[in-house]
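Feature annotations, reproduced from TrEMBL:
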{"type": "BINDING", "residues": "His32, His267, Arg362, Ser389, His471, Asp479, His483, Arg530", "note": "substrate binding site"}
{"type": "SITE", "residues": "His32", "note": "site 'Important for catalytic activity'"}
{"type": "BINDING", "residues": "His72, Gly120, Pro121, Leu122, Gly162, Asn191, His267, Phe447", "note": "thiamine diphosphate binding site"}
{"type": "BINDING", "residues": "Asp161, Asn191, Ile193", "note": "Mg(2+) binding site"}
{"type": "SITE", "residues": "His267", "note": "site 'Important for catalytic activity'"}
{"type": "DOMAIN", "residues": "359-535", "note": "domain 'Transketolase-like pyrimidine-binding'"}
{"type": "ACT_SITE", "residues": "Glu421", "note": "active site, proton donor"}
Amino acid sequence: MSGFAPHQADDTAIATIRTLAVDTVAGANSGHPGAPMGLAPAAHVLFSRFLNANPKNSKWFNRDRFVLSNGHACALQYVLLHLLGYKLSIDDLKQFRQLDSKTPGHPEAGHTDGIEVTTGPLGQGFANAVGLAIAQAHLGAVYNKPDFNLINNYTYVFTGDGCLMEGVASEAASLAGHLQLGNLIVIYDDNHISIDGDTNVAFTEDVEQRFLAYGWQVLHVNDGDHDLASIYASIAASREEKSKPTIIKLKTTIGFGSREQGTHGVHGAPLKADDIVALKGKFNFNPQEKYAVPQATYDLYAEFGKRGAALEEEWNTLLAGYATKYPKEHADLTRRIAGKLPDGWEKALPVYKPTDGPVASRKLSEIALTALAPVLPDLLGGSADLTGSNLTKVKGSTDFQPPSTGLGNYAGTYIRYGVREHGMGAIGNGLAAYGGIIPYVATFLNFVSYASGAVRLSALSGHRVIWVATHDGIGLGEDGPTHQPVETQIALRATPNVAFWRPADGNETSAAYKVAIESEKTPSVLSLTRQNLPQLVGSTIDRAVLGGYVLVEEENEDLTIVSSGSEVSIAIEAAKKLKEQGIKTRVVSLPCWLVFDQQPLEYRLSVLRSGAPILSVEASSTAGWSKYSHEQYGLSGWGLSAPYQKIYERFGLTGSNIASVGKKVVDFYKKRGDKVTSPLEKAL
């Protein structure tokens, strides 16, 4: 690539970005004008000279991905999307941070055309970008052929001091260096300002030495306010480095041009009216005109759109040639790009009979993954240093590793995330956002809590990330309460758009995978046991995919016990004991609240019906179960360290004790004598 060629409209375009961002924030009387003003030159050079994308088709698969990790600078991204010709008008900028607008307070994927991932919580976007880069490296290794370099895009990131303080970014950066992701280019807005003021109050580490230690290339631009040629040269050099990710330390002045430039006063609040007037005068804009865009700026950025459209057209021609020479690979790639699953893939899911032996649900998960891998190449899995416990690596699979390490290759389908749960979750979001990949990530259920920020954004963004969360409660035994989740279950169930599955046997585990894989806009957490579970009479995949169903039916019942996971078999044992006492007891398995709640009301009321009390049983906090049951039995505190059978006995989670509790519930409601209405019906 030749050197930087100045354009007569460069200065005007940069000034337009600054003034338009200032007006956007001022119009909302809320937001962050400082970073957009400081980053305007770098943004202009990146988008006008390097970034390959087509505003008329924001989903072109081989587009470069751009991530604004410091999402508080979203006014910058919205301004750029407008100038470049995406589906974002001046009126949309005027509606910044208003109800139902296309320009929410932080960038949201799926909400605004051209936004790749949802950012705002600092560090998340940085880690998402590592996932985007892994996705390109993987799909390129799988599908690219000689003379058909179909998948070769770069991922560009704007990040700041706040992101680099966050642990999730550190985790992701460390892994990116190990993986030698030369397709990842990060521009670090080194302005030494955070909300509390100068970063010298809390952030004085040597960022360059840190990233060099991670295995990154570190480049410098000492005058990010003016030196367009150096910005250009640094990005060009980054693209030439194929075996290391690059971070460019870009020295900028936050709020450049403002009277408060270089201070935290311009970080998180609109500029004052007189400051805006002075700023526009300084940049030769009419101080009285708002949301002004010179025609020269529109014309310059129209060239971006023309370039992107031409590149997509060239790519489509290349793809057509690929179809002729590699029809099988073409069919598979285009299926994945379209987000479709292979025909009949679900037939590979294991099916179990009641006569099959007891198996831990983490092992049932391994069996399912092993069966699915040959028919669903979209799966790209990994574990946070717990592979042997999570049982997530399919036998014979290759690790995703730099070929130079001798540990695997980029076509590999298993990622060694190391002890980086939060980074893993956020990288999984990036993998899902790229397209063509269904990521699954694994750790103990207790340590999903470490990644709750990533899980939350996965749910908000609608990313299909599957968490294989083993050792799901007190049943893990001897490791004790530090490792035994009792509150994580309700925390995940309470998170909107998270499908928390707690399967009770093999068919329910297969059902969990079926729904998780088919749920394009919902992340799933599969809560799996260390201890063996029996295969249940009445359990089928077709019934379990409804999220809840009747396992043991009785007419004119005296009691219904509803449960999930490892406690369902205990509930069945209790029902048998109660029947021996003349107490007719139904048993309902409720493996996934979210999916059950999505079923028709008539079905839900038939499963958890009125007429008899309902008792819930689960080896966790009872919080939330009152939505489905009149009475709840579970844990009111932490677990214990001992063999799991002894822990279950100590907490009364046995068939005999639950039968005793159930009898007391029945006696209590009979003594009251009034009609027993299901909590679901009461909620109406």
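Residue numbers in this text run from 1 along the chain shown.
Each residue, glycine too, has its Cβ placed from N, Cα and C.
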Inter-residue C-alpha distance, Pro121 (thiamine diphosphate binding site) and Asp161 (Mg(2+) binding site) (nearest angstrom): 13
From Gly120, Asn191, Arg362, Glu421, Asp479, the recorded positions whose CA lies within 10 Å of that of Asp161 (Mg(2+) binding site): Asn191
Spatial neighbour of Asp479 (substrate binding site) that is closest, considering only the binding-site residues His72, Gly162, Asn191 and their CA atoms: Gly162
Proximal residue to His72 (thiamine diphosphate binding site) among binding-site residues Ile193, His267, His471, His483, Arg530 (C-alpha distance): His267
Gly120 (thiamine diphosphate binding site) and Arg362 (substrate binding site), distance between Cα atoms, whole Å: 34
When distances run from the Cα of Ser389 (substrate binding site) to each of the binding-site residues Leu122, Gly162, Asn191, Phe447, the nearest one: Phe447
For thiamine diphosphate: widest Cα to Cα gap among His72, Gly120, Pro121, Leu122, Gly162, Asn191, His267, Phe447 in Å: 35
Averaged pLDDT, computed only over the residues in the domain 'Transketolase-like pyrimidine-binding' (359-535): 98
Minimum Cα separation from Gly120 (thiamine diphosphate binding site), reported as the residue among recorded positions His32, Glu421, His471 that achieves it: His32
Those residues of the chain, 6+ apart, with a Cβ under 8 Å from that of His32 (substrate binding site): Val25, His72, Ala73, Cys74, Ala75, His267, Gly268
